[in-house]
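As written in TrEMBL, here are the features:
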| type | residues | note |
| --- | --- | --- |
| DOMAIN | 23-294 | domain 'NADP-dependent oxidoreductase' |
| ACT_SITE | Tyr50 | active site, proton donor |
| SITE | Lys79 | site 'Lowers pKa of active site Tyr' |
| BINDING | His112 | substrate binding site |
Amino acid sequence: MASKPVCEVTGGHSIPALGLAPRVPKSKSVEATAFAIKAGFRHIDTAFSYEVEEEVGQAIRSKIADGTVKREDVFLTTKLWCTCFRPELVRPYLEKSLKKLQMDYVDLYLLHYPVPMKPSEELFPVDEHGKSSLDTVDFCETWEVMEKCKDAGLVKSIGVSNFNHRQLERILNKPGLKHKPVCNQVECHPYLNQSKLLEYCKSKDIILVAYGALGTQRYKWVDPSSPVLLDDPVLGAMAKKHKRSPALIALRYQLQRGVLPLAQSFKENEITENLQVFEFQLSAEDMKVLDGMNRNFRYLPAEL
């Protein structure tokens with residue numbers, strides 16, 4: 001069963017309700033992405049900074065070659081990294097991503113963070129004091145080139161990631177705005193339900209896409225002492241009630257709020273199981289209980 005489109009983003013262009021973020025060990029990226037497409041995932045999320053665009057592109061092309069999907073069946077997202085925000089760098093770096101993916105276009109292109117950094121071959125350039133080497137470019141100027149990339153057909157839709165409502169307002173109120181952001185991708189899960197930002201995005205017809213929807217795996221930059229979301233007893237009790245896994249409860253919670261979750265796994269049984277999210281419903285009372293889990297806790301605090 002394929003993940004179902006929930007809304008139109010631009011010109012009849014629909015974004016599937018459940019996505020896969022193959023931000024997994026590089027060696028697993030091709031295998032996990034290819035298996036997910038075979039299983040039914042049609043929304044694949046990657047980024048220049050994840051350094052797996054080549055692997056993701058290879059997996060998609062393999063499933064096109066074997067007849068599983070056509071290119072237009074796959075909704076592919078990638079992102080412009082913060083060291084590439086100067087207007088003259090936007091299109092060249094998009095073209096670098098397209099070359100790595102070996103694609104003519106991507107379906108969605110995002111500004112990865114609202115924090116421009118100085119151009120560098122390093123993903124996280126630092127100054128002589130060891131502090132992040134920030135740039136003075138206005139991301140509204142970056143956005144204008146993103147619009148041109150859309151008009152040129154290199155991307156179907158454009159959006160942002162990790163923006164708060166004030167930063168979104170800066171783009172929405174930009175003089176001469178041609179294409180508004182179709183989505184804002186942020187960390188979002190029951191411990192960080194982003195209810196205010198979600199309400200704001202809905203009021204502006206901007207889709208909220210959730211990364212870390214399952215609380216994230218134990219990356220090297222995630223505090224190992226942080227609570228494990230899927231071990232939470234509230235999720236456990238809800239899972240037992242519905243005879244589903246805690247992961248499915250966390251994903252279903254997002255869908256019923258109008259949030260598009262990205263599931264992150266490279267294990268075949270988990271990838272297959274996550275597609276069961278369309279097979280059951282949570283009650284209003286269930287949703288209220290899950291809302292009560294919010295503690296404004298971030299697994300991935302931005303420290304740019």
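A Cβ is built for glycine as well, from the same backbone N, Cα and C atoms used for every other residue.
Where TrEMBL records a feature, it is marked here on the structure.
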{"residue": "Tyr50", "record": "active site, proton donor", "Cβ within 10 Å": "21"}
{"residue": "Lys79", "record": "site 'Lowers pKa of active site Tyr'", "Cβ within 10 Å": "26"}
{"residue": "His112", "record": "substrate binding site", "Cβ within 10 Å": "22"}
Taking every residue in the domain 'NADP-dependent oxidoreductase' (23-294), the average pLDDT works out to 94
Whole-number Å only: compute the distance from the Cα of Lys79 (site 'Lowers pKa of active site Tyr') to the Cα of His112 (substrate binding site).
-> 5
Measuring Cα to Cα, how many angstrom lie between the residue listed as 'substrate binding site' and the residue listed as 'active site, proton donor'?
-> 11
